[in-house]
Structure formats: structure tokens, C-alpha cells
Amino acid sequence: MGISPAELGSPGKEQQAAGVGILLQIMMLVLSFVVGHVLRRHKFYYLPEASASLLIGLIVGGLANISDTETSIRTWFNFHEEFFFLFLLPPIIFQSGFSLSPKPFFSNFGAIVTFAILGTFIASVVAGVLVYLGGLMYVMYGLPFVECLMFGALISATDPVTVLSIFQELGTDMNLYALVFGESVLNDAMAISLYRTMSLVLELDLLLLYSLRIVMKHYTYSNLSENSQQFVSAFFHLISSLAETFTFIYMGFDIAMEKHSWSHVGFISFSILFIGVARAANVFSCAFLVNLVRPVHRQVPLKHQKALWYSGLRGAMAFALALQSVHDLPEGHGQIIFTATTAIVVLTVLLIGGSTGTMLEALQVVGDGHDGHLGESFELNNGYVAPSYNEDGTAGNRFKMKLKEFQKSTVSFSALDRNYLTPFFTSQNGEDEEEHVFGNSSDEPMPSSRRGGFHGHSYNPT
């Protein structure tokens, strides 16, 4: 039996496609780092590095889409959500937790959890209900209520890599940075749990994984030699940078090559409006609750709330969940959600990311922190000082009593960690690490980013 010429040529075409795919990946990755270096060097904040990587993917994907090479290289550039969750996302989150300085994170831990858990739930419900009501009013394509809630959940996952890089370059308050940073990482777990309607065990596992990364930095970093510490930090920084750059390149390439449902312009337009409303409901309501229990000097100022609202970019997490919805939802519905999410991701990353510097200057939060040593109350209480109040029988004061009891337990854990846990788990450099985390001998630097370190400012609670 003879072999057809098509069969003989098939392996060669596959090898050629593989070579072209690998070459394009390397070229786009190198180009992204070169462009990012040029942008940083010239301090051009209107096109952040993440936006540049996304644009490079969009351009190359668009060229491949109009050429005859689309089918052959498509298998090498499809954005697989499983690959994202299993290989690209873990090093990014690991580096974020490992490089995060404990002091600003845990001093704002209550606010971060409020924004990430309660706030994400509020944003998901508000966005889903508004989309459903929009369909009932025939101003946009109508989806079933459950599917609207799924869309609200996936679109509530924030990815402020672009905003945080600008925060680091311009220099802003370290507590604002910690709020944006911590909320974005923790709310990913909440968004995934809401979208997939998983069991409580998996939700806790996701949150536990991030907590373990912070614990690893706190208790194992001091056991390494100075050279090993430098190597580990540089290695995780490199892996995270590669993963993040690949993510935005793949996302841009896949956006250009995927089939979209652009006919539902009303659904896309109103979705953009509704997520802005949902984000506002998230930030301002949670900030109101946080400020209820914080003293005046520790309250989240209005300009920081506006910066939080503006920082709610949508990125790879929302895109991956939207891509998953194409398979989870009935034919047509998932495609509409995916198209709307794609438009929101591109709009927020390019437009909002590029205007972050202007936003920070308009809100006057660039370098608005206070220099100086952190007070003793900040160190002992993780940055939170319980407000004074009269202990009467009203419901409000009973609520504050519970907060005060929680505050006492937090102080007790800080003392336990400082006196017993840190000395037990660390074998060297323990005193330096303890002084760095709990002491009040120096100002706390801003957590380092994927591209470089940053020294910010802090509240002065004294």
C-alpha cells in the first residue's frame, strides 16, 4: 500500500509549525523585555510593560490571523486555562507572597480580607444582578440569572500588575500598595471559588496556599545564607517575570486569533459600565466598614479609595475564566461572555493602565506618605490601633467589643511569633529578621515587583 504525498508532508509541516511557534515565542519574549527596558529607562508611563506585552501578542496574533500560517501555529499559541492555572499562575503568586514584606501586609490584613472576600462577593453579585436586569429591560442581550452571576464572578477578579508597576516607579503610600496588592492576590481565590461553585475545602486551600508563601518567607528565609538569599530572591523574581510576560503575550495572541461575538455591542458596553458600578460598590462600602473600626489616623482616606477603585484592572484571571465559560455554558452564551471579557481586559489594561500615572498625580497620592519611624503601637498591633469607646449595651458597641477581643488576640500572636516561633524556626539571621519585621529601627521598604525594587512611604500612626 502506497503512502500519499500528504501523509509524507504532514510530519514535516508539524515540525515546521513547531519551529515557527517556538521561534515566535522567543522573539516576542525578548521583544517584550527590550521594550519594557526602554519604557522604564525613559519613564514612559503611558504604556506600561504589561500593556506592551499584550500589544505585542495582539499584533503578532493579528498578523498570523490574516496569513496562511494561522492553522499551523495555532496549536502552539492557544491560551489553555489549565496551562495558565497549573504552570503560569503558581510562580507569579509564589513570588508575590515570597517578596511581600510582612509589615504592611499584616498591618492592613483586616482591610485586605474585607476588600478581597466581602468586596469581591459584593462586586460579583452587583455586576451579575445589573447584567440580569439589563437583559430584562432589553438594553442588552439577556442571559439566565445563574449565568449572569457566573459572569459577575469571573469579571470581579482583578489583576493590577500594570497599576502596581506604576505605583512602584512613581512612589506611593505603602499601605495603599499593600491594599491593592493583597486584595488582588486573595480575590483571585474568591473569584475562582465563586465561579466554579467549588466546595469550601478548595476555597480554603487556595487561601491557605498564599498564606503558606508568606509564612515560608517569614520563617525560612533567615535560615539561608546571604548568598543563598540573594540567589533565591533573584531566581523567583526571574521565573515570575517570565511567567507574567508569557501570560500577557499569550493572552494578546489568543485574543487576536479567537472567534468573538462582536455583534452584541450593547452587552459589551453595558458590561463595562456595570463593572465600574460594581467596583465602586466593592471599594466604598468595604472602606466604610473598615473606617468604622479604625482610629482617625489609620482610616483609609478618600483619595486612596478612589485609587483602589481605579486600580481594578481585569487581566489573565478573568480571561482564563471567561475562556473556560465557553466550554461550561451553552453555545453562544459563553462566546458572548468571552467577547465581553476580552473587551474589558484590553480596555482596562491599555486605557486604565496607561493613565495610572495621571490618576495618581490627580489624586495627589504620589509620594504622599510620611517618613519617619513607625511607632510602638504600630509594631505591637500590626498597624491597627483599636478606637476608644464606651462599653454600653448597644449593638454597635457589642460589635466593637468583638473587634477589640480580636485585636487582643492579634497582639498576643505577634508576641508569640516574636518570642517563640521566629527563634524556633530560624537558625541564623534571626535577630536581623525580627528587627526588620517587628522592630522600629527603620522604615519598611515597599515590596519588590517583578521588574525591580521599590521604596515607598508609610502611614505615621504616631
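Each Cβ is built from the backbone N, Cα and C atoms, and glycine gets one as well.
What TrEMBL says about a protein is an automatic prediction, not a curated fact.
Annotated in TrEMBL:
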{"type": "TRANSMEM", "residues": "20-39", "note": "transmembrane segment"}
{"type": "DOMAIN", "residues": "32-199", "note": "domain 'Cation/H+ exchanger transmembrane'"}
{"type": "TRANSMEM", "residues": "46-63", "note": "transmembrane segment"}
{"type": "TRANSMEM", "residues": "112-141", "note": "transmembrane segment"}
{"type": "TRANSMEM", "residues": "189-210", "note": "transmembrane segment"}
{"type": "DOMAIN", "residues": "214-361", "note": "domain 'Cation/H+ exchanger transmembrane'"}
{"type": "TRANSMEM", "residues": "231-253", "note": "transmembrane segment"}
{"type": "TRANSMEM", "residues": "265-293", "note": "transmembrane segment"}
{"type": "TRANSMEM", "residues": "307-326", "note": "transmembrane segment"}
{"type": "TRANSMEM", "residues": "332-353", "note": "transmembrane segment"}
{"type": "REGION", "residues": "431-462", "note": "region 'Disordered'"}
With pairs 6 or more apart in sequence, are the transmembrane segment (46-63) and the transmembrane segment (20-39) linked by at least 3 Cβ pairs under 8 Å?
-> yes
Secondary structure split (DSSP) over the domain 'Cation/H+ exchanger transmembrane' (214-361) reads 123 helix, 0 strand, 25 coil
Any residues 6+ beyond the ends of the transmembrane segment (307-326) with a Cβ under 8 Å from its own?
-> 50, 79, 81, 84-85, 88-89, 115, 150-151, 153-155, 157-163, 172, 176, 179-180, 183, 188, 191-192, 195, 247-248, 251, 254-255, 275, 279-280, 282-284, 287, 300, 333-335, 337-338, 340-342, 344-345, 348-349, 352-353, 356, 359-360, 363, 365
May I ask for the residues of the chain that lie six or more residues beyond the transmembrane segment (332-353) and have a Cβ under 8 Å from a Cβ within it?
-> 48, 50-51, 54-55, 58, 141, 143, 147, 150-151, 154-155, 162-163, 166, 248, 251, 255, 258-262, 264, 267-268, 271-272, 275, 310, 312-315, 318-319, 321-323, 325-326
